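Working notes for the structure below.
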Amino acid sequence: MRNVQDQPLVSPTEPMIDPFGRAVTYLRVSVTDRCDFRCTYCMAEHMTFLPKKDLLTLEELDRLCSVFIEKGVRKLRLTGGEPLVRKNIMHLIGNLSRHLKSGALDELTLTTNGSQLARFAGELADCGVRRINVSLDTLNPEKFRTITRWGDLSRVLEGIDAAQKAAIHVKINAVALKDFNDAEIPELIRWAHGRGMDVTLIETMPMGEIEFDRTDQYLPLSQVRADLASQFTLADIPYRTGGPARYVTISETGGRLGFITPMTYNFCESCNRVRLTCTGMLYMCLGQNDDADLRKALRESESDEHLSQAIDEAISRKPKGHDFIIDREHNRPSVARHMSLTGG
């Protein structure tokens, strides 16, 4: 087994540039397709998860991430599924933190449902994790259990408290769902801003299994913003985090609110990211099915040059934009794979 602390990386190369002149500096890595929740817009209730043999080992994930960092990635986000349910995940995070210490990586972060944060917040902070996103769509315990199918809201809130006590900045991600949580969004904003947390609202995306009621729950954020403007004073700001969100400040709370609108506003012109699955498939776009098998390149050779070439070939196919559209007539997703596999 390669020593991840001592293994030399590939020789420095020019930053990765896609066919449309966009620098790829952000890698999102789904470390597992498993989750302890079953959120209705993310996965089916009775999911069949990948067998262990199909997953990249933690050492392989480290090697892949390290090559991407050598090729110009400055921000690394671990996702899932739920990343903190992957066995020995802190070993991987601890190893990856060496890139923060060397200055090769600007940020190591993760998106989580919060269920495991009370257990891991201190270790995450010790590894240099300074910011995390927590997915939280409602503060109503009954609705929370409905949308997550299995989730316990109190456990998530305990996790958020633990993260903040560990000096980790928490941002709340909420999917806006028509006739489910739309009336609660102002309350969620006040609650989060009152605790020093930004909020980002997200439109539901047509990925994976789409049930009839889910299609009907699509809520354009343009409508949400108009509703919020009747209660709050919103001011556009140029704040950016390297992602697709457009931000406003809310005068009444003093906090920031982001909008991610893949369905009503195409943010592709500034896309700086690619997504790696736990099986080693690289997706150049969340809303396209084109992929590259990096597991094959990873296991064919100990040479990182071979892996680097496979990454370059994949980046050369990064598309101009996504294909998201909700097909109400046929009730089918525009992208068949589940968000839990691609990484939310």
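Counting starts with 1 at the first residue shown.
Placement of Cβ uses the backbone N, Cα and C atoms for every residue, glycine included.
Cross-referencing Tyr41, Tyr247 with the S-adenosyl-L-methionine binding residues that Swiss-Prot gives (Gly81, Ser135, Met205) picks out Tyr41. Swiss-Prot annotates Arg28, Thr111, Lys171, Arg273, Val274, Arg275 as GTP-binding residues; of Arg77, Arg240, Arg246, the candidate listed for that same site is Arg77. Just one of Cys278, Cys285 is listed by Swiss-Prot for the same [4Fe-4S] cluster 2 site as Cys268, Cys271, and that one is Cys285. Distance noted between the C-alpha atoms of Arg77 (GTP binding site) and Cys42 ([4Fe-4S] cluster 1 binding site) is 18 Å. Looking at Val274 (GTP binding site) and Cys285 ([4Fe-4S] cluster 2 binding site), their Cα atoms lie 6 Å from each other. In this structure, Arg77 (GTP binding site) is part of a beta strand by DSSP. According to DSSP, Cys42 ([4Fe-4S] cluster 1 binding site) sits in a coil region rather than a helix or strand. Separating the Cα atoms of Arg273 (GTP binding site) and Cys39 ([4Fe-4S] cluster 1 binding site) is a whole-number distance of 24 Å.
If you take the CA of Gly81 (S-adenosyl-L-methionine binding site) and look 10 A around it, the binding-site residues you hit from Cys35, Cys42, Cys268, Cys271, Arg275, Cys285 are Cys35, Cys42.
Nearest Cα neighbour of Tyr41 (S-adenosyl-L-methionine binding site) among the listed binding-site residues (Arg28, Thr111, Lys171, Cys271): Thr111.
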